[in-house]
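According to TrEMBL, the protein carries these features:
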SIGNAL    1-36  signal peptide
DOMAIN    54-124  domain 'Inhibitor I9'
DOMAIN    155-385  domain 'Peptidase S8/S53'
ACT_SITE  Asp164  active site, charge relay system
ACT_SITE  His195  active site, charge relay system
ACT_SITE  Ser349  active site, charge relay system
Amino acid sequence: MNRPHRTQRLCALAAATVTAVGAATTILAMSGPAAADSPAPLIGAEKSTVIDNSYIVVMKGKGADAKANAADARALAKKKGGSVKYAYDKAITGFSATLDADALDALRNDPDVDYVEANQVVKTSGDQANPTWGLNRIDQRNLPLNSNYHYDYTGSGVKAYILDTGIRSGHADFGGRVTSGYTAIGSSTEDENGHGTHVAGTVGGSTYGVAKGVTLVPVRVLDAAGSGTTAGVIAGVNWVTSNHTSGPAVANMSLGGGVSTTLDSAVSSSIADGVTYAVAAGNDSGANACNGSPSRVAAALTVGSTTNSDARSSFSNIGSCLDLFAPGSSITSAWHTSNTATNTISGTSMATPHVAGVAALYLQANPSASASSVASAIVSNATTGVVTSPGTGSPNRLLYSLWSGGTDPTDPPPTGNLLANPGFESGATGWSTSSGVIDNSTDAPARSGSYKAWLNGYGSTRTDTLSQSVTLPATGKTLSFYLRVISSETTTTTAYDKLTVKIGSTTLATYSNLNETSSYTLKSFSLGAYAGSTVTLTFTGTEDSSLGTSFLIDDTSIA
């Protein structure tokens, strides 16, 4: 995108108004049981897991009298507009109901009611003893491993599309959760290679899987030799996009090849349609993942591999197109040769389904979450600073599978942010910038608010800078920011226009016209090596003499 010279704009500050709303409770006079001396206790209403207007009413006493009193109380609840869902007469005497404030007060003042408890969400949780080391690793922040995999969700209600060599549908580890799918190879989705069955086992096997209740959908795009065509893979992506309808869905692509604009476009469109994609970074021993497809798709979760010591696997690709790492060396899972067969293999293909499985867990808890919010949540929730030698430009983030709650951790504003004016809503306050970098034009909108930093995009030789100095605490912090790249360059091989990100004199990452994205994507880097130091964060954009590239930055954070 080329843009004309822009004059300095004044920043308008928005004032936030917070309104406190108080609710008054009224006890109504009514016919029926005599009012109690004091209302029955209401317990559990302060908990974060309560269901609005849903309560469990427990009667005093036991036996026939208590049952009769419960029937009267249910009638009272209905008279006051409540809706009774369950009646209890054995383990306890009482009922559950949806009640507004008036109905709740009436029941609490019934002298036969012992207490009322707020209804809460109950979720599946479990622990698997002696799991594979990959499962063992993702549910804990740090080593050593504790020989246990804990999960709060199973992925139930979520479809996981496995674009691979097919799935051995009768394998015991899948428990009948493999549904009909699609094949671009022959006439069957059954696996003749093993790779797809292994991947599916890591996503959703009952023994080897992250999401033990997910529905597995085979999308066969690779043959018995593990080979396919770009056209066939695109056909699989196209089928996934049309099949997933409106339900929560994740897709795993433990495959890749040379750069394909069409494949990248298909995957990006499928993500925009609501499917979360986890894609392998590739196994070219430290090559740049930005040089392959679909690993360079910005909106996908691109996954590198680690060993059981948290070192980057020697075969794993690296670079700024990675979003995070996951266990990928010596992973045991289901195999295709029998319904009980297993195999232990390595690759970013093995790391990626760990991420797809965690996406399924998140989607069970947040079934209406967009694909972009799922990806952001997984990246933000990852453990920072533990991967040894992640590689130049790679984020030091390792997959973490547990959530503190059912909300996207990227939605709330960051707390403890050390950067001043991190979203640029106060103009250039706190930042040193080139002229015109802080911008509120709408032809390239901010990620949030009105302002963002817009470096370059003029289509002429130019250097733009954006910097801020900050003192880091002894505990270390993580740098994160959202980046969008818009380019008029047509090359798919040459980086003519570049953005470098530095802490002091150290380059953390370099992006270019080759990293064009359709939306803002989260970038994160551990600053543990700079703990206790005062450092300068610098973004520098350079542009050649023609065909502009815009680097848009928003929502920065050191926290």
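Using N, Cα and C of the backbone, Cβ positions are placed for all residues, glycine too.
Counted with DSSP, the domain 'Inhibitor I9' (54-124) comes out as 25 helix, 25 strand, 21 coil. Cβ neighbours of Ser349 (active site, charge relay system) (same chain, under 8 Å, six or more residues apart in sequence): His195, Val199, Ser254, Leu255, Ala280, Asn283, Gly328. Under the three-state DSSP scheme, Asp164 (active site, charge relay system) falls in the strand class. Its Cβ taken as reference, His195 (active site, charge relay system) is surrounded by 23 other Cβ atoms within 10 Å in the chains shown. Counting only same-chain residues six or more apart in sequence, the Cβ atoms lying under 8 angstroms from the Cβ of Asp164 (active site, charge relay system) belong to Asp191, His195, Gly196, Val199, Ala200, Pro218, Val219, Arg220, Val221, Leu222, Asn252, Ser254, Leu255.
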